[in-house]
Ligand code: ADP
Ligand code: MG
Ligand code: MG
Ligand code: MG
């Protein structure tokens, strides 16, 4: 009965009436498809008063922005719903609530966050949410700690690693993040004026060696249940509140990948600001982004350390110095993954609005050039940067 079919707006309304958990379900009357992502259908479901009450998200069997020529597993709907449900269990204040999902229809119903705004859009407009980075750090610490070997029983952990392998979505990351930008690949997409910089990436042996290490750890280090795609477009913000959405890339991977993706998107905005705002506002915004980077890392590390001291179930990992030793490795990984995010979002296929919306072409190209150069610097320097102040100094040095 629930055999897969692509939902129409009417299907989405009917589905939300049945599974949206609303007492006045029959008041839901219309749906609007609002998906702006690359992969899925997203419907807002409205009641008679025109108020949006729940959201229905359905995976399509292909990549939406490419078409039927790039098929993609519907399994990702299960992975997204179960990842968000797991993260909600550990951090309900910063995770969207999943109300229902159906694996065969590849559909889920979730709480409506229409009063929130996508963080990337706010960052592009120069609007600052002073609590957002502390909250994102808290989300990362809670979700990653409680799904790591510090906390999970080893049998439970191993069972989960199997349940969340997510090979097809990981392959997208493996290719787009770690392979394409360092090869002459047709999916790459960058301004012709930056050909020389891009060719340099392909010929830089030290860089390629570090990137190979980052990819290798992405393949093999099942440290915790990652969100897997925690860029500023997967984060909703409101005054004093933040919620993560869109976890279809969730799998057990290196903790530094999630932290680095989050840091990388703050840095993409840092690179773009001179093209987005007037000189004075851009300079202020950049200082805020550097503070954001500091707050994000310090919150994550301090909260993780506190959780480990308080709640670690493995006696050996709970040894007092071990968490700090391991967090140093996570820091180095995070800087490396942050650098690779800068490069894959500029040289690779998928871009970010921060840079793409810069109107002046010469300025846009300069900002992209900066992001590539900063990405490269961070990837190569990552193993040698041992604290947050040094990281911020390196970012400033790069321009
Ligand atoms: P994709 O996986 O295709 O990127 P997302 O989960 O990111 O899909 O959703 C796409 C867009 O739909 C988001 O950028 C946001 O504008 C909107 N959206 C997603 N979930 C919600 C929600 N719970 N409440 C309100 N809007 C949402
Ligand atoms: Mg998305
Ligand atoms: Mg483009
Ligand atoms: Mg998505």
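Glycine too: its Cβ is placed from the backbone N, Cα and C atoms.
Annotation comment: TrEMBL describes 31-285 as domain 'Aminoglycoside phosphotransferase'. Here the domain 'Aminoglycoside phosphotransferase' (31-285) has a mean pLDDT of 96 out of 100.
Using a 10 Å radius centred on the Cβ of residue 57 (ATP binding site) and all shown protein chains, the other Cβ atoms total 27. Sequence annotations record features per position, and here TrEMBL assigns ATP binding site to 40, 57, 111, 112, 113, 246, 247, 248.
The annotation substrate binding site is assigned in TrEMBL to 229, 344. Using a 10 Å radius centred on the Cβ of residue 229 (substrate binding site) and all shown protein chains, the other Cβ atoms total 24.
Residue pair residue 113 (ATP binding site) / residue 229 (substrate binding site) shows a Cα separation of 19 Å. Among the record's ATP binders, 40, 57, 111, 112, 113, 246, 247, 248, no two C-alpha atoms are more than 18 Å apart, and one pair sits at exactly that spread. Counting every protein chain shown, the Cβ of residue 247 (ATP binding site) has 28 other Cβ atoms within 10 Å. Highlighted here are the binding-site residues (57, 246, 248) whose C-beta falls below 6 Å from ligand 4: 246, 248, in sequence order. Within the set of binding-site residues 229, 247, 344, no residue has a CB atom less than 6 Å from any atom of ligand 1.
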